[in-house]
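For reference, the structure is listed below as structure tokens.
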Amino acid sequence: MSTGLHPHVVSLSSSLDEDDRELEALGYVPSFKREFSNLATISFAFSIMGLCSSVATTFNTPLLLGGPASVTWCWILGACMCFTLGSSIAEIVSAFPTCGGLYTASAQLCPKRHRAKVGWVVGWLNILGQVAGLSSTEFGLSSMIWAAVNVAKDGNYTVTPGMIVGLFSGLLIFHGILNSLATRYLAQLTKGFVFVNIGTTILIIIVLLATTPRSEMHAASYVFGSAGIVNQTGGWNTGIAFLFGLLSVQWTVKDYDATAHISEEVRRAAYAAPSAIFIAVIGTGILGWLLNIILVLCSGPLENLPGPSGSAFLEIMALRMGKPGALFLWSFVCLTAFFVCQTALQACARTVFAFSRDHGFPDRGYLSKNSEWTLTPLRAIWATTIFSIIPGLLDFASPVAANAIFSLTAMALDLSYIIPIFLRRVYGKHPEVNFKPGPFYMGDGFVGLAANSICIVWTLFVCVIFSLPTVMPVTAANMNYASVITVGVIVLSGIWFFAGGRRHYHGPTSNLQEKTDGQGDGDDDDLKNEKQDA
């Protein structure tokens, strides 16, 4: 008998039903509309990394600490290692396509007696890392915009902390408003992000090469060789100074699991979400390496950087393209950073939604309710927006304190990533876990084991680099508080759990009973069996 529907419609409906059944098998009632297509999902994954804007905000660190060769070699080294981490995360996201992401996976990948403790710590690390990342990126965007004003005024312009914080707060509120749209509008908006992101990067590369005379380009030994190793740390040995170049790539190729947090809004999530992560990590790594090479090649004298604007990236553009051309392209770099903040807020709000759904907050699930108008978690969105403003406001009292909170991002997120990867290897065959891989799977052979092992060891190594102060001698102003803040989060969350959190949080909790209560008696038995299977 014919359905009377177009084959594409039937196929789409079938895939949506399969996604929802898979989510219910994990213990959750579908709460979102699946409006993100493959293109929108890939665009989301690229946008969260924000290639050219992330390089722009971090380029000073490798260039001015380890030198030009540190920029080029540390990027490709770090990108290769990030590929192993991205692949390992994609494997887990494919098996657990929920908006809780790696937080949910961590709790599910260990025996029942450990689930509450593991889920609690990973949840708080991931949420606070995302909040700090959103806040720091928005703060960086505000600084980038004011840097452009400074360049336009030939350096004769004073930017006050109040101006930076005011613009930062306004941008965050605007992103909160945009994120309040229904999922279908967010998906349509996100589709174009990837083209602006990649297009801006390629355009900057082409224009830099076209406007830099061949005689003024640096030699290969400066870009790749020993002539480009310049230790300006003030006390660290050259090897450590060189390794500080890793901070840029690790900061850029981050937030891998952001796509997982929108997986309940993605069609064919078990396929699309991990594939988007895989593609974005490869694309960002390769294109980012090319961008860094061209920036160093066309950078001019090192002693003239970072220049009046404080951004070596912008100064190189102004040197080669002229001020009008540089400011025109810089506006697109800022737009890319704007997209990063838009996607980061969406991902973080979904994580807050998932943690509240599992009763991780003492809010009785208040933040896990969707709006009846938009079917999006407006409460979680605005809670995330408000809390993300707080670190920036600290800049009024102490820039050191604000930077200390910002420094939480990379280390907290990286640790929350490797915990589920480690648990999957240790407890994958445990009778209470019985890990069931999704469509994206590297296998239990050499390839999968090597990728998992390398990314865990590499992440722990990079966390040590993240913990080191980058400039000597160490003072209160230049101290690196990343490790202190991260350990503090772990300790305080542990104390909170045993003091009161364990009363309301017991690990990921099925909410299928809500659906059961809304069904007739004829469906009760099927739903109870479904819940038991989950």
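Heads up, the Cβ atoms here are built off N, Cα and C, so glycines get one too.
Any TrEMBL annotation is an automated prediction that lacks curation.
Values in this document were obtained by computation on a predicted structure and should not be read as measured data.
Feature annotations, courtesy of TrEMBL:
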- 36-56: transmembrane segment (TRANSMEM)
- 76-103: transmembrane segment (TRANSMEM)
- 124-149: transmembrane segment (TRANSMEM)
- 161-181: transmembrane segment (TRANSMEM)
- 193-213: transmembrane segment (TRANSMEM)
- 233-253: transmembrane segment (TRANSMEM)
- 274-297: transmembrane segment (TRANSMEM)
- 327-353: transmembrane segment (TRANSMEM)
- 400-423: transmembrane segment (TRANSMEM)
- 444-468: transmembrane segment (TRANSMEM)
- 480-499: transmembrane segment (TRANSMEM)
- 508-534: region 'Disordered' (REGION)
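Contacts between the transmembrane segment (400-423) and the transmembrane segment (274-297): absent, as fewer than 3 C-beta pairs lie under 8 angstroms at sequence separation of six or more. Among the recorded stretches 161-181, 193-213, 274-297, 327-353, 444-468, the one sharing the largest number of Cβ pairs closer than 8 Å with the transmembrane segment (124-149) is 327-353. Counting Cβ pairs closer than 8 Å to the transmembrane segment (76-103), the top stretch among 36-56, 274-297, 480-499 is 274-297.
Among 36-56, 193-213, 233-253, 444-468, 480-499, 36-56 has the largest number of CB pairs under 8 A with the transmembrane segment (274-297). A contact between the transmembrane segment (36-56) and the transmembrane segment (233-253) is present, since 3 or more of their C-beta pairs, 6 or more residues apart, lie under 8 Å.
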